[in-house]
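Visitor: Below is a structure I'd like to ask you about.
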């Protein structure tokens, strides 16, 4: 269970990590079933939430996940604005804070999608791949659009490489306050999760690079498209199975983060002040 505190920002953050973990766990579990021909699917986060809708108490789960993801969005934004994680103000620190700000916006969109599903407002929009293509097409239409799409692709590839490096070095539990008897297996789970995320990010960034090179948004794929591409390779069931297992592990790691992550959250007054400074 999340370690609830008197600080509402920290409580939101912990529920947010848990909700993100549930989503990744669903994606990984469904892809793992697909790899072994036992049903499932190679969809992304939205497809996983749509599958959850058809399960017992599906709408209740979706509302809880939506609340958690909105909390994660709020934490990411405040973390970026207040430097709550002490990333620093050098180039690397600003890059991480900027990436977290963008991820906050992305998870807000996923939270809204989950809420729309729960409230029966259609299917909450198109699929994840189509949403990525629509966004890419819009960006491609801007001045220097191809270059911008290419830069985004490179940034995502860089993030993927950073995740893989983090997994390789085993530096996945630095911000967790873990009991000594649990640290070993939790680090293993985290390394599997970050490695799988790194592979997926490399593929998504590569597809964006192809889109920029060919000036065609149809090249773009999201998480589900990346998993589908893995499945289509020689020994695809092995590649998909390993990646799916890693994504499931990252989901489990998210639940662990909800309980054990060190979160130096600003209080509400500091949070309001940070937002007000941006609005000036």
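Glycine residues also receive a Cβ, built from the backbone N, Cα and C atoms like all the rest.
Sharing the features that TrEMBL gives for it:
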type: DOMAIN; residues: 15-82; note: domain 'DUF1206'
type: TRANSMEM; residues: 21-40; note: transmembrane segment
type: TRANSMEM; residues: 60-78; note: transmembrane segment
type: TRANSMEM; residues: 99-119; note: transmembrane segment
type: DOMAIN; residues: 101-169; note: domain 'DUF1206'
type: TRANSMEM; residues: 144-165; note: transmembrane segment
type: DOMAIN; residues: 193-261; note: domain 'DUF1206'
type: TRANSMEM; residues: 194-215; note: transmembrane segment
type: TRANSMEM; residues: 235-256; note: transmembrane segment
Visitor: Where, among 60-78, 99-119, 144-165, 194-215, 235-256, do we find the most CB pairs under 8 A to the transmembrane segment (21-40)?
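Guide: Checked against 60-78, 99-119, 144-165, 194-215, 235-256; highest Cβ contact count belongs to 235-256.
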Visitor: Which residues of the chain, 6 or more past the ends of the transmembrane segment (235-256), have a CB below 8 A from one of its CBs?
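Guide: Tertiary neighbours of the transmembrane segment (235-256) are 17-18, 20-32, 34-37, 42, 172, 176, 186, 189-190, 192-197, 199-200, 227.
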Visitor: Please count the residues of the domain 'DUF1206' (193-261) that DSSP assigns to helix (H, G, I), strand (E, B) and coil.
Guide: 59 helix, 1 strand, 9 coil
Visitor: Counting only residues 6+ away from its ends, which parts of the chain sit with a Cβ under 8 Å from the transmembrane segment (194-215)?
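Guide: Here the qualifying positions are 28, 136, 140, 146-147, 149-150, 152-164, 166-168, 172, 221-223, 225-227, 229-230, 242-247, 249-250.
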Visitor: Mind looking up the mean pLDDT for the domain 'DUF1206' (193-261) in the predicted model?
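Guide: Looking only at the domain 'DUF1206' (193-261), pLDDT averages out to 94.
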Visitor: When the domain 'DUF1206' (15-82) is classified with DSSP, how many of its residues are helical, how many are strand and how many are coil?
Guide: 55 helix, 0 strand, 13 coil
